[in-house]
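> Before I ask anything, here is the structure I am working with.
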Amino acid sequence: MLYFIGLGLGDAKDITVKGLEIVKQCSRVYLEAYTSILTVGKDALEEYYGRELILADRDMVEQEADEILKGADVSDVAFLVVGDPFGATTHSDLVLRAVNAGIQYRVIHNASIMNAVGCCGLQLYNFGETVSIVFWTDTWRPESFCDKIKKNRDLGMHTLCLLGEGRKIYEPPRFMTVSQAAEQLLEITICVGLARVGAEDQVIRAGTLRQLASCDLGGPLHSMIVTGHLHPLEVDMLRLSAATPDSLQDLRMTDSSTYTS
């Protein structure tokens, strides 16, 4: 069996009991190491799980998938993913490869930013399409995410922005911060910055993009929400994490139950 096991959002202890039991019984355990990171490193996970972990970078998963699948038809192999295994579609290819090779698979779900983002007070069913924001370079400045944000806003929906990793070959990885994303998107609208959701030191800040561009939320991982129409209850919740006392002062009430920026 090939197991896809979600690790949750915080530290080593966020794995489910079911997931940990499976990890301990597997012949090999891979740790997916490119779509996201935990607040602790590989060594801490190995100590808590009591197992050696094999780091699986993008090249291994995309180009050496047969190595991961080897023997999974006669023994148990685990593929560990930060958050939930299918919080993104990145791992669907590995599932299809397993099926085509006649290997059974099973998914052990866990919390991901896609549902934990509700901690900021915005209601999950008011979110539209999620977008990814990548680092701009001098010669590459993609703006397609702006169209999706505008589409969501036209529908009154919030937008969760997943902030990208960027690096050149042979350079250590770097992770985009909320302030960097806000600098690339400076508009007068209310946004929410989130850092290390699920960890004890998680941070939430609500404010305009201009305010968030100068807001330091600490280490990775960061996410950002561009709000759509806001229910009064959502506004009250956002005030709890306002970047400044006047962060939400420019909100307009469009009717008795809706605010917008």
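A Cβ is built for glycine as well, from the same backbone N, Cα and C atoms used for every other residue.
The domain 'Tetrapyrrole methylase' annotation in TrEMBL covers 1-213. According to TrEMBL, the S-adenosyl-L-methionine binding site annotation covers Leu9, Asp84, Gly87, Ser112, Ile113, Leu163, Val197, His222.
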> Restricting attention to the domain 'Tetrapyrrole methylase' (1-213), give the mean pLDDT.
85
> Have a look around Asp84 (S-adenosyl-L-methionine binding site) and count the other CB atoms within 10 A of its CB, chains all included.
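Excluding its own Cβ, Asp84 (S-adenosyl-L-methionine binding site) sees 23 Cβ atoms within 10 Å.
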> Whole number in angstrom, please: the longest C-alpha to C-alpha distance across Leu9, Asp84, Gly87, Ser112, Ile113, Leu163, Val197, His222 for S-adenosyl-L-methionine.
17
